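Listed in TrEMBL for this protein:
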- His103: active site (ACT_SITE)
- Asn176: active site (ACT_SITE)
- Tyr390: heme binding site (BINDING)
- 51-443: domain 'Catalase core' (DOMAIN)
- 531-551: region 'Disordered' (REGION)
Amino acid sequence: MTGAFQRLQESLNEAKIAATHKVNEITTMNEKIVEMWPNKDSVERSGNRLTTDSGTKVYDADHWLKVVDPSTGHHGPSLLEDQIAREKIHRFDHERIPERVVHARGAGAHGYFKLYTPIPEFSSAPVLNDTARSTPVFARFSTVAGSRGSADTVRDVRGFAVKFYTEEGNWDIVGNNIPVFFIQDAIKFPDFVHAAKPEPHNEVPQAQTAHNNFWDFQYLHSEATHMSVWAMSDRAIPRSFRMMQGFGVNTFSLINAQGERTFVKFVWTPELGVHSLVWDEALKLAGQDPDFHRKDLYEAIENGYYPKWRFGIQTVAEKDQDKFEFDILDATKLWPEDLVPVNYIGEMVLNRNVDEFFAETEQVAFCTSHVVPGIGFSDDPLLQGRNFSYFDTQITRLGVNWEQIPINRPVCPVMNFNRDGALNHRIHKGKVNYWPNRFEAVPPASHKQETDSYQEYPARVVGLKLRVNGAKFREHFAQAQLFYNSLAEYEKKHVQAALAFELSHCDEPIVYKRDIDLALAQNVANMVGGDIPKEGRQNHGRKAPGLSQTDLPAIRPSIETRRVAMIIADGFDIGVLTAVRAALKAEGATTWVIGPRRGMIFPTGVDPESGTGGLMADHHLEGQRSTMFDAIFNGRAVHWVREAFGHLKPIGALGDAVSFLQQAVVLPGVDLAADPNSDEVVISYGVVTGWKSSVGILRSLDIEPSTSVFSSAFAHEISKHRCWERELDGLHTKLAF
């Protein structure tokens, strides 16, 4: 009976998922998806038959053509003439393309960009002025240092690249989740990447910078100091791709219809707020679920919780270029928001997962040189080199015709006299393949069409040819201190701990005994066995808004997409569980039932022998870990609860589960609901408990502190992401996990 019921439940779930997919397929259609449609086929379509690449049907895909003795059944050598087998093996042998040198491991999704504030005073680009448009986009998020086989949650910078398929051509913003970079000039990029990658003598370590070469490079290139502090901060271990900022990093230009130039930086800020993992959790997830971030992105979109970012610009008028103490063209410097505010003018929503990872996410190729009329470049020396390097890199990886690959093709018409080359898909009719030609075929834009064609800004260039950067490029420490000063106290502790971890993996004293900010250097040196400096660089004490993650909360208190583990065992209270799940689901959280086994778990009053009336567990306790969830409810497994407590996560318990926390777990310094007859909700260090508390009215849940409604109090703690007070007061160190 149990098996039959389970199969029925699974069938109903599959039908529901199929219906949801069909609706999503229709509602997320846009011009780019339509443009790619001729290149799509489904292996599940009825009537399909296996064929070769040239279309010949294949009747046997399991045996190579051989010489066979029909009398004995013995076979001889395989025949080279078997074109079907040869093709199959050849295609397999060449399935892999060179992986990206950096940003090799990534995940992507389709979506759209919507403008809500036009900016004609800055740019003539229609994508930045037409609020009626919905521009298709493809976004790819990635780690920088690791290979394709590395883990998602390593400490690393994250790539944040967006391709806009505009009506005027493709526009790519190729950035990171950190607003600055390690180097100022693109000529240093090979050295930086070589130093950050595994060391050449032993190919160790993978996907991390905790080794001699990286820190040797950082010290010898003091321009990297600012970025290194960011990389040691919580920004380098994001909770989710959906909960991190994106930055264009480089300085670009906006050109308006009057031909006036404004310098610009691009910013993406997630509506869910900016949140991170804690270090122990990131380490464990790298082994427990190395695909954590890519699964998180896929799961959110699959369940209809579409990630959304606000799109902002920081602008500096050309006449104000030199008024700052830093050079605005220096990619190792950010533009502090108190000096250059962010103006949010649009939003990006990702609402459709890819159909095939390789064809879309792996083959998508971004170029900083892809801009549209109204958007241009600057003399940023890192950007100048990126404009050359990215295009060259895509040719190496994907071939000279990489822009003809479906995911890379623009949605607007393409016509020029570029011809031939490997994997050319276009067939051009006509007698000429050059300009000018006797037919005046495919002429450049006329003078009347100048606003529709790309025009370089006529910047004045005067000077000598020298291998130097401007004087302001030579100051490398002020903004590193600005960032560090602006962090919350717990964020500063995390930077110190990260530096100590990284430098403790360096085994050459010359590397780990070097200097940084004096107070920071003294704390780190004490932890790694370095010489504790008595003198050093003094701190200027300045701060700026928007640098601490505490400055970047969700648009409103929200638990949307938060994963809550509901831990139960036989004899659980199904009424309480159902009510709490419904209340959390109404606010967008996903709940996952965790039991002692992956099967039917029976509530109190139900005989397990009946085989009915129970609840199917999504996972069993040993098949998942607390690291994979944002909060836990009714925790009965000691390790789960202690680990979640150590990782500063919200914990909720009602009824008998409170007794379990009191007697078996013993959370240090935490006040729990003590009176079994009380209806009060007790909140202490992110732990929410009650005995006879009201769960809450469905679909009217207020995410705010409450001493009477459990679901409201629990949701409020989840919306805060973590209980940092637990760490600041040292409670997490008093419990083994």
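Even glycines carry a Cβ here, placed using N, Cα and C.
By the criterion of other Cβ atoms within 10 Å of the residue's own Cβ, the least surrounded of the recorded positions His103, Asn176, Tyr390 is Tyr390. Helix, strand and coil content of the region 'Disordered' (531-551), in residues and according to DSSP, is 3 helix, 1 strand, 17 coil.
Over the domain 'Catalase core' (51-443) the predicted model carries a mean pLDDT of 95. For the pair Asn176 (active site) and His103 (active site), the Cα-Cα distance reads 10 Å.
His103 (active site) sits 12 Å from the residue listed as 'heme binding site', counting Cα to Cα.
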